[in-house]
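First up is the structure itself, then whatever we jot down about it.
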Amino acid sequence: MEAPNPAPFSKKTGFAHLWAATRYSLQGFRRLLAESAFRHELILLAAAFGLFVYCHATMLHYLGLIVLGLMLIAVEALNTAIEEVIDRISPEFSDVARNAKDLGSFAVSCLLLATLMYVGWVVFFANL
(Lines of atoms letter the chains of each structure in order from A and count residues from 1; the text may use other names and numbers.)
(Lines give C-alpha, C1' and ligand atoms only; values in the text may rest on other atoms or scores of the structure.)
Protein backbone atom coordinates (compact mmCIF):
# COMPACT_ATOMS: atom_id res chain seq x y z
CA MET A 1 0.00 0.00 0.00
CA GLU A 2 1.36 3.39 -0.99
CA ALA A 3 1.49 6.30 1.39
CA PRO A 4 -0.94 9.05 0.43
CA ASN A 5 0.57 12.10 -1.20
CA PRO A 6 0.53 15.12 1.08
CA ALA A 7 -1.60 18.04 0.05
CA PRO A 8 0.24 20.31 -2.37
CA PHE A 9 1.93 23.27 -0.78
CA SER A 10 0.11 26.47 -1.67
CA LYS A 11 2.45 29.31 -2.48
CA LYS A 12 1.69 32.72 -1.11
CA THR A 13 1.41 35.61 -3.53
CA GLY A 14 1.42 39.37 -3.31
CA PHE A 15 1.97 41.00 0.06
CA ALA A 16 1.66 37.66 1.89
CA HIS A 17 4.61 36.34 -0.16
CA LEU A 18 6.68 39.43 0.67
CA TRP A 19 5.85 39.06 4.37
CA ALA A 20 6.71 35.33 4.37
CA ALA A 21 10.00 35.94 2.52
CA THR A 22 10.94 38.63 5.05
CA ARG A 23 10.17 36.25 7.92
CA TYR A 24 12.28 33.49 6.35
CA SER A 25 15.18 35.91 5.86
CA LEU A 26 15.02 37.04 9.49
CA GLN A 27 14.94 33.42 10.64
CA GLY A 28 18.04 32.77 8.52
CA PHE A 29 19.76 35.80 10.03
CA ARG A 30 18.95 34.57 13.54
CA ARG A 31 20.35 31.16 12.63
CA LEU A 32 23.49 32.80 11.28
CA LEU A 33 23.95 34.69 14.55
CA ALA A 34 24.46 31.31 16.22
CA GLU A 35 27.65 30.84 14.16
CA SER A 36 30.76 32.13 15.93
CA ALA A 37 32.51 32.74 12.58
CA PHE A 38 29.66 35.06 11.56
CA ARG A 39 29.85 36.98 14.82
CA HIS A 40 33.62 37.38 14.31
CA GLU A 41 32.99 38.70 10.80
CA LEU A 42 30.49 41.24 12.17
CA ILE A 43 33.11 42.40 14.68
CA LEU A 44 35.65 42.69 11.86
CA LEU A 45 33.24 44.77 9.77
CA ALA A 46 32.47 47.04 12.74
CA ALA A 47 36.21 47.52 13.33
CA ALA A 48 36.69 48.30 9.64
CA PHE A 49 33.97 50.96 9.83
CA GLY A 50 35.71 52.40 12.88
CA LEU A 51 39.00 52.55 10.96
CA PHE A 52 37.24 54.25 8.06
CA VAL A 53 35.86 56.91 10.42
CA TYR A 54 39.33 57.42 11.91
CA CYS A 55 40.92 57.71 8.44
CA HIS A 56 38.21 60.04 7.07
CA ALA A 57 37.29 57.62 4.29
CA THR A 58 35.08 58.87 1.48
CA MET A 59 31.49 57.80 0.92
CA LEU A 60 32.69 55.69 -2.01
CA HIS A 61 35.03 53.82 0.33
CA TYR A 62 32.14 53.19 2.73
CA LEU A 63 30.02 51.95 -0.16
CA GLY A 64 32.77 49.49 -1.15
CA LEU A 65 32.95 48.20 2.42
CA ILE A 66 29.16 47.84 2.62
CA VAL A 67 29.08 45.85 -0.64
CA LEU A 68 31.95 43.59 0.45
CA GLY A 69 30.38 43.18 3.89
CA LEU A 70 27.02 42.14 2.43
CA MET A 71 28.78 39.73 0.08
CA LEU A 72 30.68 38.27 3.03
CA ILE A 73 27.46 37.79 4.99
CA ALA A 74 25.79 36.14 1.98
CA VAL A 75 28.70 33.76 1.38
CA GLU A 76 28.84 32.90 5.09
CA ALA A 77 25.11 32.14 4.97
CA LEU A 78 25.63 29.86 1.96
CA ASN A 79 28.55 28.15 3.70
CA THR A 80 26.41 27.57 6.79
CA ALA A 81 23.61 26.19 4.60
CA ILE A 82 26.07 23.78 2.94
CA GLU A 83 27.26 22.61 6.35
CA GLU A 84 23.69 22.15 7.61
CA VAL A 85 22.67 20.10 4.57
CA ILE A 86 25.83 17.98 4.67
CA ASP A 87 25.36 17.28 8.39
CA ARG A 88 21.75 16.27 7.73
CA ILE A 89 22.31 13.94 4.77
CA SER A 90 25.75 12.59 5.67
CA PRO A 91 26.27 12.42 9.45
CA GLU A 92 29.02 9.81 9.02
CA PHE A 93 32.48 10.76 7.75
CA SER A 94 32.70 11.19 4.00
CA ASP A 95 35.43 12.64 1.78
CA VAL A 96 32.76 14.21 -0.44
CA ALA A 97 31.10 15.86 2.57
CA ARG A 98 34.45 17.10 3.85
CA ASN A 99 35.29 18.51 0.40
CA ALA A 100 31.95 20.34 0.20
CA LYS A 101 32.49 21.90 3.62
CA ASP A 102 36.10 22.80 2.79
CA LEU A 103 35.05 24.47 -0.47
CA GLY A 104 32.41 26.53 1.34
CA SER A 105 34.98 27.57 3.91
CA PHE A 106 37.43 28.46 1.15
CA ALA A 107 34.83 30.71 -0.50
CA VAL A 108 34.36 32.58 2.79
CA SER A 109 38.13 32.86 3.25
CA CYS A 110 38.60 34.32 -0.23
CA LEU A 111 35.99 37.01 0.37
CA LEU A 112 37.36 37.70 3.84
CA LEU A 113 40.82 38.19 2.34
CA ALA A 114 39.42 40.51 -0.34
CA THR A 115 37.65 42.55 2.35
CA LEU A 116 40.80 42.80 4.47
CA MET A 117 42.85 43.84 1.44
CA TYR A 118 40.29 46.54 0.62
CA VAL A 119 40.28 47.84 4.19
CA GLY A 120 44.09 47.88 4.19
CA TRP A 121 44.17 49.77 0.91
CA VAL A 122 41.69 52.40 2.14
CA VAL A 123 43.44 52.85 5.50
CA PHE A 124 47.03 52.94 4.25
CA PHE A 125 46.97 54.12 0.63
CA ALA A 126 43.68 55.71 -0.45
CA ASN A 127 44.21 59.06 1.26
CA LEU A 128 47.84 59.65 0.31
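Keep in mind that glycine also has a Cβ here, set from the backbone N, Cα and C atoms.
It should be emphasised that the depicted structure is a prediction, and the values quoted were computed from it without experimental measurement.
Range with TrEMBL annotation transmembrane segment, chosen from 37-59, 60-82, is 60-82. Within 10 Å of the Cα of F38 (substrate binding site), the following recorded positions from the list Y24, E76, E83, K101, D102 place their own Cα: E76. Remote same-chain partners of the transmembrane segment (60-82), defined as residues 6 or more beyond its termini with a Cβ less than 8 Å from a stretch Cβ, comprise 28, 31-32, 35, 37-38, 41, 45, 48-49, 52, 100-101, 103-105, 107-108, 111-112, 114-115, 118-119, 122, 126. Distance from the CA of S105 (substrate binding site) to the CA of E76 (active site, proton acceptor) is 8 Å. DSSP assigns R39 (substrate binding site) to a helix.
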